[in-house]
């Protein structure tokens, strides 16, 4: 590990000119062509083809999540244990059924050629990802690792005793912002017992923004609804639209941008069909002229963050994923598959280096 740290340290230049945050990252174009372009674009193409033939039983999957009923699943898991190369202690500590249910992003390194036509962007607040399950008169919030961190009543269908029936259950992908006591709704996987996993992104978003306002009082904080539920808006990914978005004022502290392919289904786990960028990266990565403002101002760690992304991606290509993932978990430098901002350990600029806000 000591040798690895030295090797990584030696690959970072501390020259003020070379790593100036006012200029594009010096190795960005080289990295994009060599390590990510074919890989990420090819994986996108294959996943879009695969989902046409892949039809999972999401009706039962949603019902199991809503009712916490996993009868018959234990025998299947027992058969898989011999094939899993995981540490036994880790398996015991992690929850089984509610873990890894969220669709997570990758850094958007390879710019899609159809970005303006086939992609949608969502501006995300600072917060933590949460799987929300409203069923049987109660609402539960789970982390991406499957831990239940809160149970409360809500005005979501199935979320409180007044509006709960056996078929009324709802499953949402949210970002919880503690400052505003709000669950910002990213996506919908199930609404009133109807699963939407196999629906395209543009339809899921349309449904979400049509149905959320119909639930009176859902966006207000009350005794029956102690946390607000607010749908996050989505925008086209044309250069003009991105410029408009980056000029807007939002009622929350912005963490970053999620880019969704319009045709992608909701698939739990990390996918190249959902990309993630910090707002200041848009000009360098997408080549879009952006307006000057709070969202596009590059922080002091901008050059270092791009360097971390590229080194991590390169290491995966060279078969060093396991070592660097362990290194990342120790130093908190990487949260590449989740929405976050890296914090440089021991940095003297701690106020300017927010921690991993989206997911710790």
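Backbone N, Cα and C atoms are what each Cβ position is placed from, and that goes for glycine too.
Of 15, 20, 36, 75, the one with phosphoserine in Swiss-Prot is 75, while the others lack that note in the record, though it may still apply to them. For the residues 267, 350, the entry in Swiss-Prot flags phosphoserine at a single position: 350. Residue 105 (site 'Interaction with m3G-cap structure') carries a strand DSSP state (E or B). Between residue 105 (site 'Interaction with m3G-cap structure') and residue 276 (site 'Interaction with m3G-cap structure'), the C-alpha separation comes to 6 Å. Counting every protein chain shown, the number of other Cβ atoms lying within 10 Å of the Cβ of residue 276 (site 'Interaction with m3G-cap structure') is 23.
Residue 144 (site 'Interaction with m3G-cap structure') is 17 Å away from residue 276 (site 'Interaction with m3G-cap structure') when you measure Cα to Cα.
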